[in-house]
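Asker: This is the feature table in TrEMBL:
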- 26-47: transmembrane segment (TRANSMEM)
- 53-72: transmembrane segment (TRANSMEM)
- 93-117: transmembrane segment (TRANSMEM)
- 129-146: transmembrane segment (TRANSMEM)
- 158-176: transmembrane segment (TRANSMEM)
- 229-250: transmembrane segment (TRANSMEM)
- 271-295: transmembrane segment (TRANSMEM)
- 311-333: transmembrane segment (TRANSMEM)
- 354-374: transmembrane segment (TRANSMEM)
- 386-405: transmembrane segment (TRANSMEM)
- 506-528: transmembrane segment (TRANSMEM)
- 540-561: transmembrane segment (TRANSMEM)
C-alpha cells in the first residue's frame, strides 16, 4: 500500500522534469541558431547580412513581449490569490541596478534611432525597427522583473517554462550581439594603435561595417556614432543581469518553497567609513588612470609605453590590497564558529557558479600573458610589469571567490528568541521587584547608570518569598551569590558581544572596500582600457588573429565578473 501510494507522487514529477528538459533544449537551440547567425555576419559570410541578424532578434523580442503581456494579464486577473514567493530572488538593490542599466540602454536606443535617421538612405529598415522594438522590450521587461522576479509559478508550468527560457536566451543573444559590436569597435581602434608601439609586421585591416553613404547632418552623426560605443558596456550588463534574474525565475517554476520569514538586510553606511574612504580613493585614481591611458595610448611609442607601465603599476597595487583584504576576511571566518546554510536556493547557487565560471575568462588571459612573457625572445621593459599583474589577477580571484561564496552561504547571526523576550529584573536589598530597560538596551550598552541596581537575567517565573526572619536571611545570602554570578555572566556576555561587533565591523569594511575596488576594475576594460590588446607581446608569440580571438572570447566574461562580484559584495555587506 505504501508503494502504491507513493507511485502517483513519483509519476507526477515526470511531466515537470520532461518540461524542464524540453524547454532547456528549446532555449539552447534558439541560442545556437542566433549565435551562428551572429558569427556569420561577423565574418562577412556570403548571403548573410546584418538585416538577417536583426530580423531574427526582433522576432525573438516580439515573441517575448507577447508572453510577458499574457503573463501580466493573467497575474492581474489572479491578483487576489496568494502566490508563493522566493524571498532570496530579485533583491531590491538588484532591481535598482538593472533599472539604471535599462535607462542608459534606452539612451543607447535613442542614439541608434538618430543614427538610422541620418543614414536612412543606405541602411536597411530593420536597423530602424530594431532600436524601437528593443526600447519597448526593455521597458516592459524591467516592469516585469520588478513585479514578478520573486514569483514561484505553480500554474501553466509547462507553458511558463518555455516562455521564461525563451526570455533567458533572447537576452543572452542580445548580450552576444552587444559584445560583438563593441568588440569590433575596440578591435579597429586597437589595430590603429599597434603601429605606434612598433609592431609593423602585423597586417592592419580594418573590419568596418560603416554605411556606404554620406550623413545628412555631420555633427549629429559624429555624436551618435561615437556615443553609441560608450553606452554599450551598460547595455551589455543590462542583458546579462536580466538573463540571470529570468533564469532564477525559470528554476523556481514548480518549486516547493519553505515558508519562513527572511530577515531584511538593508544597506547602512554606518560603520564602513574606512572601507568606503579607501575604496573611493581607488575608484577616483582608477578613473584618472583610464582617462590618461586613453589619451596617451597610440600618441607615440614612448607615451604608449608609459601609459601601459602606469596602468600595470596601479593595477598591481590595487590587486595586492584586495588580496590582503580578502585574506584578512577569510582569517576572521576561520576564527568564527558559525554553520553554513545548505538549504536549496537557486539564486545563491547561480551566484556561486557565475563567480567561478566568469573568473575563468580572466584566468585564461592571465595564463596567456604569463606564457607569452616566458616564451618571448625579446622583452620591452613595460612587458615585465605584466608578469606580477597576471599572477595577482589569478590569486585575487581565488581569494575573492572563496570570501564571497562562503559569505553568501553563512547563516545570518540570530539572537535567541528566548533572550529577545526577556526583561531585565533588578532585585534590591529589600523585597521589591522593578523592571529595568529591555534587553535591546543592554545589548547596545545602554544600561541604567543612575540606579545602583545590578541587572540579572532569569527564566521561568519568580517565586514568592516567605517573610520570616530566617528565610529572609537565607534568601538575601542566596541573592548576593546570584548577583555575583550574574554580574560575571553579564560581563562575559558584553565581552563576547564586543568582539563579535568588532569582527562584523572589519568584515563590513572589507566588503565595502572590495565592492568599490571591483567597480573600479570594471571601468578600464568596459571603456576601452585593455592592455591585453595594446601590450603586443602576446600577439607576437601566439599570432595576431589567434590571440585576438582569445581576448574577444574571454574579455566579456572578465568584465561581467567584476560587475557580478560587486553585486555579490554589496549583498555580503548587507548580510554581515
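Backbone N, Cα and C atoms are what each Cβ position is placed from, and that goes for glycine too.
As the structure is a computational prediction, the values presented were derived from the model and not from experiment.
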Asker: Do the transmembrane segment (271-295) and the transmembrane segment (506-528) come close, with at least three CB pairs under 8 A (pairs 6 or more apart in sequence)?
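Answerer: In contact, yes.
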Asker: Are there 3 or more C-beta pairs under 8 Å linking the transmembrane segment (540-561) with the transmembrane segment (93-117), counting only pairs at least 6 apart in sequence?
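Answerer: No; fewer than 3 Cβ pairs under 8 Å.
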Asker: Please tell me whether the transmembrane segment (354-374) and the transmembrane segment (53-72) touch - that is, whether there are at least 3 C-beta pairs under 8 Å between them, with each pair 6 or more apart in sequence.
Answerer: no
Asker: If you count Cβ pairs under 8 Å, which stretch among 26-47, 386-405, 506-528 touches the transmembrane segment (53-72) the most?
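Answerer: That would be 26-47.
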Asker: Report, as numbers and ranges, which residues of the same chain sit near the transmembrane segment (386-405): CB under 8 Å and 6 or more residues beyond its ends.
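Answerer: Same-chain contacts beyond the flanks: 312, 315-316, 319-320, 322-323, 326-327, 329-330, 333, 351-352, 355-356, 359, 362-363, 365-367, 369-370, 373, 514, 531, 535, 537, 561, 565, 568-569, 572.
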Asker: Based on Cβ pairs under 8 Å, which of the stretches 26-47, 129-146, 311-333, 506-528, 540-561 lies most in contact with the transmembrane segment (158-176)?
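Answerer: Per the Cβ under 8 Å count, 26-47.
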